[in-house]
Amino acid sequence: MITRRGLMLVLSSPSGAGKTSIARKLMESEYDISMSISVTTRSPRPGEVHGLDYFFISLTEFQVMVSRNDLLEHAKVFGNYYGTPRKAVEATLESGKDILFDIDWQGVQQLEANTTADLVSIFILPPSSSELEGRLLTRAQDSKAVVTQRMANAVNELSHYQKYEYVIINDDIDVSVNNIHMILSAERLKRERSVGLKEFVKILSEEKELSQTV
Ligand code: 5GP
């Protein structure tokens, strides 16, 4: 039987490019993928649910996780700490399922360096700087100081697009989600991700030889 290894799909973008909405829509329409839920030391925004959006933990708890090597990657973003719990990711990949990460470029670099699993990276760009600014302002869940800091950081974050395999300009969310479906479909079909392909072809060849000798 031919199966395939699970892959790690990473979405990164400057804040306000629409990445979180894309990730949500993708999860609604893709069945073979689950979302990695990060731990963070930042406070929950209104409407955010512990265990669904993030695991909201204290700095001490975060430090303990780091010291125990419980995090696959971790980074400081906008003054708060974020990290990917290792166990959940490993269990998902072992079961042959794909996993989606909404993490920043620092995390992607660490995943590239620390995991042997297959990584597919996508960078999402806003369609224009005014759109980016507008989205950050209408978000309004963060304090003014945080919004200003995020805008300044967005320019710096943009520069990291070159390290990603795919870049999507998020003009229309449905088009963006559809593009990611297509990327996923193609990546899942890659020869090197197939397990059992060699044996399958061997069986095909043996059957052919047999039928020729009969
Ligand atoms: P937010 O606070 O707006 O939810 O996220 C801020 C930034 O942190 C986003 O760019 C998001 O992708 C990133 N982020 C969220 N979780 C993680 C994580 O586990 N690791 C890393 N490296 N970045 C993360």
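Here the Cβ of each residue, glycine as well, is placed from N, Cα and C on the backbone.
Record features (TrEMBL):
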DOMAIN    6-185  domain 'Guanylate kinase-like'
BINDING   S13, P14, S15, G16, A17, G18, K19, T20  ATP binding site
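Within 8 Å of the centroid of the Cβ atoms of S13, P14, S15, G16, A17, G18, K19, T20, where the record puts ATP, the same chain has further Cβ atoms from I124, P126, L132, R135, N170.
For G18 (ATP binding site), the same-chain residues that are 6 or more apart in sequence and have a Cβ closer than 8 Å to its Cβ are I124, P126, R135, N170, I173, S176.
Here the Cβ of K19 (ATP binding site) has 22 other Cβ atoms within 10 Å, regardless of which shown protein chain they belong to.
The secondary structure of T20 (ATP binding site), as reduced to three states from DSSP, is helical.
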